[in-house]
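**Q** Before anything else, here's the structure in question.
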Amino acid sequence: MTADLIAVVLLLAVTAYACAGGTDYGAGFWDLTAGGTERGRRPRWLIDHAMAPVWEVNNVWLIFVLVMMWTGFPVLFQTVFSAMWLPLALAVVGMVLRGAGFALRKPSRQLAGRRLYGALFAVASLVTPFFLGAAVGGIASERVAPGTEASADIWTSPTSLVFGLVAVATTAFLGSVFLTGDARRFDAPDLVDYFRRRALCSLAVLTVLAVVTGFVTHEDAPYVWRGLTHGLGLFFVVLAGAAALVTVFMLLRPPSTWMRVTAIGVVASAVIAWGMAQRPYLLPTSLTVADAAGSPATLTWLAIVTLVALVLVMPAVALLYWLDARGELEELTDAELRGGSSTTGDGPSPGL
Amino acid sequence: MSTSLHLLADAPAQLLPARELMAFTLASHIILVPLGVAFPFITLVMHYRGLRRKDATALLLARRWSAVMAVQFALGIVTGTVLSFEFGLLWPGLMGRWGDVFGIGFGVEAWAFFLEAVLIAIYLYGWRRLKPRTHFLLGLPLPFAALLGAFGILAANSWMNTPQGFSLDSGGNPVDVNVWKAIFTPMFGPQYWHFVVAMVLTAGFVVAGVYATGWLRGRRDRYHRLGFAVPFTIAAVATPVQFVLGDSIARSVFHKQPVKFAALEIVWQTDTRVPEYLFGRLHEDGTVSGGIKIPLLDSVLAGFSPDTKVVGLTSVPADQRPTATQATIAHWAFDIMVLIGSVLVLLALWYGFVWLRHRRLPASAWFYRSAACAGVASVVAVECGWIATEVGRQPWIVYQNMRVAEAVTSTRSTTLWIMLAVVMVVYVFLFGSFLVILLKMRTRWRLTDLQQASADTGPPEEDLPYGPRAPVPVGDVPAGDGPPAGDGAGQSGGDRP
């Protein structure tokens, strides 16, 4: 019972990471594809500003997923990390370069430095979700089972590859939808259209990939395929499809906050559909929730800790996102780090 | 234990690279930890001073420190994420068997860290628009979130040192987990407080060290004096406290982990009237070469009497204790830590004495030379403390319950060596860039301070960071032809491509 609850919490945490982290990786994707220094200057400017206050928080979801895995379902953690070590190792290298690239790009002033860190950030934003998706694909296609030997090529199955691509497309979709909203918030109408077009394109690509995923899972991941086409799994698949249609409708109209909600709806429903399709397995056909569950006392405490944390953390997260959406969060400018009022010295500066 | 003996005989080839990789990434992460845990606290103290006394210099320092914090915290997040991946990538055996026994601490830590990330984002990005009071109050929970995060990590580590809160079934798997007992293990209290105070004093000395260097180079204005005095005072208060705590944790190790204590003090045979060796090297046959031998002192330190019986390394079979080399490493790390701690106490006393006597900062250049070194020295001490506690526990990953060799992944050693090489290159690049960027920030600030000094128009009291200001740059997206790049001084940081 508690194990099921914790499994649901784990699935929700994965969903939260897919949405929050996905948005973040997506911003990196559009940074990568924004073109040369001059052409990509405005989109990159927006990406920098929009991401800055929240990216760390977005990525902390992942830590929480890992902790839930090893505390709640130690065998799951052990098995996944043994069997899928290569994609996960590559993903973590990507994460390091990405976080560092982003953090270091902001304070560096020289063009060469900004280019180097920016390129690191952008490429890593593409690579990391691909490998995380590939690891999930390995789980869905029943290739990861307790006792699976560490092998370097287990993740190169069709399901893994297509899941990796879906992950990248998802991040691109989320990123562009959120950036459309940010462009409106930062009063940049040209960027609204810029990212709106990209959101529609990436949603189209995502739809195509979803169909491909359907064919591939039919052959390669029969258990998940059955789950996705029956019962709750099917319900969430349909929900994701409906949310996608509403998102298209929203994107064609003047931008509003609701398109973010529906875009999140698409991704969240898809992730939950996958989780539902796997029931009652954590690793399809080899490890059930009940088999993988850690000690009952620990699970109870994990539930308590989660509950207390929700009470503590959620108001703070809500405050952060609220302040951010209201434009209350601004990074410090050089002027403010200078120690004088902005009127002394060189007069009203062009940048301000 | 028969399997263990077998495992010791042929330690898997991947053990060494896995261990090196973990050690390297953890040692790198540790450099950032003191700043991560205690820098927000120090910054808030400065911030409070600035608000309370309407001190523009203090507010400027707090703002600049928070700009440093932004970069450092981001780097801490990525290096920390690497560690949580490595639990699975390198030590699947540890997490698979014991995850549900000691993982709950990490659960607390994850949420605390989450809270910290949220609060730090609000604090860093709240300077401009939030009301001064609101902004400060929203930053106030930060040190507590940091303490909570440290609670989780230290609970996990002290459990590895003194595991409890479970019983083993016939297959050797833990059952009947008592989470409460698994968190509050015998070593938890001593380790936790020792760690927290270490973080505070290290962060204090590191930050103060920067301004002490400035003082030595002739920058002795109020900005540098204040930037030195606040963190140094915090560190100077913490140092004597740490001396007492350090003494007490050593005695806890003596009682709860006698074999580790034997390694730290290179005690070979269980005996009374045991001498203390300062440094020196332990050989496989139990002899000690080099070092300074002080008769009776080890027994006296452990139990306040020369007749105290100290357990030696030979009290357990060779496969259940650190090797002579490991013991020597742990011993040196321990001695270096104690030595640095003692010198820092003297430095703190010097500072306190001058303050009580003259109500001013010390004027001696030697004081500032020592203070400039204190930052680096205290980071070295933190690293040594970590080495002492980890190497002293060998060959166990979970003391007396699981060997490091049993926990290691089955990934091939070649791939792990490649991973280590990649990670080393990446980390050298990361930390190098971090340092370069800090130095550049410093240079920029120094230049603008000089300009400020030459073109100052109003009294500094009016230069508060809050209140009406020029409009935010968001409405002014640089459209294709932005402002000329040469005029960087007034340009806001973010909107340069």
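Yeah, the Cβs are placed from backbone N, Cα and C, and that goes for glycine too.
Quick paste from TrEMBL:
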type: COMPBIAS; residues: B:467-482; note: compositional bias 'Low complexity'
type: COMPBIAS; residues: B:483-497; note: compositional bias 'Gly residues'
type: REGION; residues: B:453-497; note: region 'Disordered'
type: TRANSMEM; residues: B:21-46; note: transmembrane segment
type: TRANSMEM; residues: B:67-89; note: transmembrane segment
type: TRANSMEM; residues: B:101-125; note: transmembrane segment
type: TRANSMEM; residues: B:137-160; note: transmembrane segment
type: TRANSMEM; residues: B:192-214; note: transmembrane segment
type: TRANSMEM; residues: B:226-245; note: transmembrane segment
type: TRANSMEM; residues: B:329-354; note: transmembrane segment
type: TRANSMEM; residues: B:366-388; note: transmembrane segment
type: TRANSMEM; residues: B:416-439; note: transmembrane segment
**Q** Any chance the transmembrane segment (B:416-439) and the transmembrane segment (B:101-125) are in contact, meaning at least three CB pairs closer than 8 A with a sequence separation of 6+?
**A** no
**Q** With the transmembrane segment (B:329-354) as the reference, find which of B:101-125, B:137-160, B:192-214, B:226-245, B:366-388 contributes the most Cβ pairs under 8 Å.
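**A** Ranking B:101-125, B:137-160, B:192-214, B:226-245, B:366-388 by Cβ pairs under 8 Å to the transmembrane segment (B:329-354) puts B:366-388 first.
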**Q** Six or more residues out from either end of the transmembrane segment (B:137-160), which same-chain residues have a Cβ under 8 Å from its Cβ atoms?
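**A** Distant Cβ neighbours of the transmembrane segment (B:137-160) are 36-38, 40-41, 44, 47, 101-110, 112-113, 115-116, 119-120, 122-123, 126, 130, 182-188, 191-192, 195-196, 199, 389, 393, 397-399.
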**Q** Determine which residues of the chain contact the transmembrane segment (B:21-46) at the Cβ level, with the cut-off under 8 Å and only residues 6 or more beyond its ends counted.
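**A** Hits for the transmembrane segment (B:21-46): 58, 61-62, 65-66, 68-69, 72-73, 75-76, 79-80, 82-83, 86, 90-91, 120, 123, 136, 139-140, 142-143, 146-147, 149-150, 196, 198-200, 202-204, 206-207, 226, 230-231, 234, 378-379, 382-383, 386, 416, 419-420, 423-424, 427, 431.
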**Q** Are there residues at least 6 beyond the ends of the transmembrane segment (B:226-245) whose Cβ is under 8 Å from a Cβ of it, and what are they?
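**A** Apart from its flanks, the transmembrane segment (B:226-245) reaches 41-42, 45-46, 49, 55, 57-58, 61, 190, 193-194, 197-198, 200-205, 207-208, 210-212, 214-215, 341-342, 344-345, 347-349, 351-352, 361, 371, 374, 378.
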